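The structure appears below as structure tokens.
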């Protein structure tokens with residue numbers, strides 16, 4: 001049975017209550033592209049295109065179609081205030097967004113209502129989702145570096161995939177470069193993120209992530225790094241996975 005916190009919602013084994021509280025404090029900032037969540041707004045177009053294109057390749061859809069994800073069930077784990085849920089709803093997906101922070105879910109619902117979008121937002125954790133529910137696309141974007149038990153968390157994510165589904169994971173590599181750029185640079189020098197947003201020892205290397213996924217009977221089919229160009233002031237997809245990276249996984253043949 002999940003523990004209940006008035007301010008942060010349900011807590012389960014893989015959830016770190018301190019991480020929930022941290023992002024709850026940012027709930028009012030989620031949709032401000034120049035505020036504390038500006039880094040996510042900057043990187044969001046790349047995340048959206050990567051996920052959309054991976055899904056369209058898997059399900060043989062035309063990525064240029066404005067309804068290319070029509071009929072697909074999508075689960076966004078750790079959805080925050082819906083920065084991914086809204087664009088994928090507009091592309092036709094049936095989106096369920098979950099987050100253990102009640103304040104984040106409230107912010108997400110408010111923004112979706114203002115945008116006239118029907119999104120199923122739930123203040124819950126992946127462990128609390130009915131195991132009979134299945135999804136074509138399961139997303140855990142910038143989440144696993146904030147959970148307590150990565151293997152258990154990924155196991156629950158995998159259990160919610162349809163046999164023909166895909167899982168997308170975005171996280172941060174663990175090395176000296178990610179410490180220098182994602183923590184010292186982003187939190188202390190550039191001040192893109194509040195200090196303490198990330199804990200370097202919770203970062204996950206691509207090899208570790210792939211081993212976890214293989215242990216669940218999944219195979220990585222696509223992967224990409226995300227690299228920031230300070231001269232152009234923009235992010236781009238790159239083979240360089242030293243800091244930020246994303247992977248796509250599906251059931252092994």
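Cβ atoms are placed via backbone N, Cα and C, with glycine included.
Under the heading S-adenosyl-L-methionine binding site, Swiss-Prot lists 47, 78, 99, 141, citing sequence analysis as support.
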Inquiry  = Under 8 Å between C-beta atoms and at least six apart in sequence, can you list the same-chain neighbours of residue 141 (S-adenosyl-L-methionine binding site), or say none if there are none?
reply    = 47, 76, 78, 84, 168, 169, 170, 246
Query = When you look at 47, 78, 99, 141, which the record names as binding S-adenosyl-L-methionine, what is the longest CA to CA distance in angstrom?
reply = 19
Request  = Look up residue 78 (S-adenosyl-L-methionine binding site) in the DSSP assignment and reduce it to helix, strand or coil.
outcome  = coil
Key: Most Cβ neighbours inside 10 Å, all chains, among the binding-site residues 47, 99   = 99
